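As recorded in TrEMBL, the features of this protein are as follows:
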type	residues	note
DOMAIN	43-118	domain 'Gelsolin-like'
DOMAIN	158-231	domain 'Gelsolin-like'
DOMAIN	278-350	domain 'Gelsolin-like'
DOMAIN	419-497	domain 'Gelsolin-like'
DOMAIN	537-603	domain 'Gelsolin-like'
DOMAIN	639-713	domain 'Gelsolin-like'
């Protein structure tokens, strides 16, 4: 650690308390993510189109605000950033925390070692580019064709794309590489690269095309040995490609559970620590409200500072400083992650080290309760989840640029042209159609535009091609200013879901809304209603069968002679309200049905009563479910958590996945998983339960094969699609 940075942090304790940066006046006022780069010791906002792009020579400050509100502050340091920039970032981080009342959870992030909370903001990947502000590199949204660089793409759960030398010497047979030439973006696959990695890399290529080129570039997929001449001309004559590069070793599993607890004191004028407990699990009552504590899990690159609500003000404000000094004293890696936690805002990663941690309320500060979203009715807080036992409940890449109150226009793609959709049917999307949605909103005094291109899963190839062409055409007519976002049915971002005012987004299984082209709907239709982590709701048509039901949600069932609104035990009022819009669309006089009191006609309409997701854990759980992938694609069997809100698309068919729902563990075996993964995953699941630092034990483990998933498993995923794997994920994209 550099003494200058620590000096700056110490000075911040005295100088920053009353300082309010101009950028902070709007901070925390709206939900979503804000990112600033440190430029000449000052804050400069990063354009939203370029969120997820980081220069390795710079430092960044990130603020994530929920709708409640609650806050996460992240201080991100590139591996080549200067002492001055890292020090300035630390001061500004403390100022922002003070401005928000000391309520935020603070994270210190280091390039390539970010927390899963941080990774969850960037579901389409994190991009590291060489240089920084000192080298004259600025974040500018550009359509400039004079771009020329190579990105090395790695990661199965979190995509990281790092700029490397523009040469064939940078390539290897085991990974994907993106060659960005401005108007053309080439995605190159090594011969030993697997399908899931190719799919993840394609998400990054599309992000560059849509975010940095505003949709004005073409993505080309290239397999090793099939390189086009244009790529040879750019990189020069092709040389021998290196063999795959193995990943670096991970921390021993046992280290994930080793921790010690220290009390902090500055009574003598300098920070002192006294050991309270040398090993976990700890007792919650050890955390005295009048003191601050350090939980040391440094052997697994994690250090936490807990701020007691009645602790000395100087100790509370110097929490980040204390953690960094502690890391230095212990001689831990400079890549150690730091979390600074206010009382009541403890993350799951922190709470796992305590025996039977009890939450009366999740709180913002000592008195104000808050909870964030839910997955299968689980109230959750979007904080870090960087070990097996950590909770995945973190903020996804919400990109909520506003509250959805701007102007909206929608066209349907029809015979190669844009046809206006009647405003009365806004919010309804048919699987056999493609739609172009233009959203206009104000940012300050300036108008901003987003073009969403929604592509149904049952639309034709001609419509898919036409939707892309018409989007660029619309973008051209507006001077290339709009941001373009391409959306596949079932993967709608929360902001798109929020555009229809008080109406929900309704997604029909197939068919079309075009005049005279409608296919006859099935005689029995079932709609699954669930609210998202941003409280936007979506009604998705699913297979009309009892096994599609879920105790946590609301369903609307339409038959030729009846209309039912079925409310699961764990359903929310938001979901009940949404059902009224679906009823209005379907027509008829609804019969309200409460789970457990269904009439016989209800079950008859669904083809008979069948097992469905009705686990009691849906109502009683505090912890959110979490999903992990077990893979030996790197040559050894490793386990990684899926960051962000997970979905069916995150189940890698060439892996074994582990789903932890609190009172049960599921092992999902992909159809392409190899024997090492199949035999090794059950051992990992047992070790996962046996080594839970909170003392959890005796949890049943259920093994499930792809294509034979029971409702008790599929119920944890919204609108499970039994046809999803008829094509490979790469073909679907």
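A Cβ is built for glycine as well, from the same backbone N, Cα and C atoms used for every other residue.
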**Model confidence over the domain 'Gelsolin-like' (419-497) (mean pLDDT, whole number)** = 86
**Request:** Name the range, of those listed as 43-118, 158-231, 278-350, 639-713, that has the largest tally of Cβ pairs under 8 Å with the domain 'Gelsolin-like' (419-497).
**Result:** 158-231
**Prompt:** In the domain 'Gelsolin-like' (278-350), how many residues does DSSP put in helix, strand and coil?
**Reply:** 26 helix, 19 strand, 28 coil
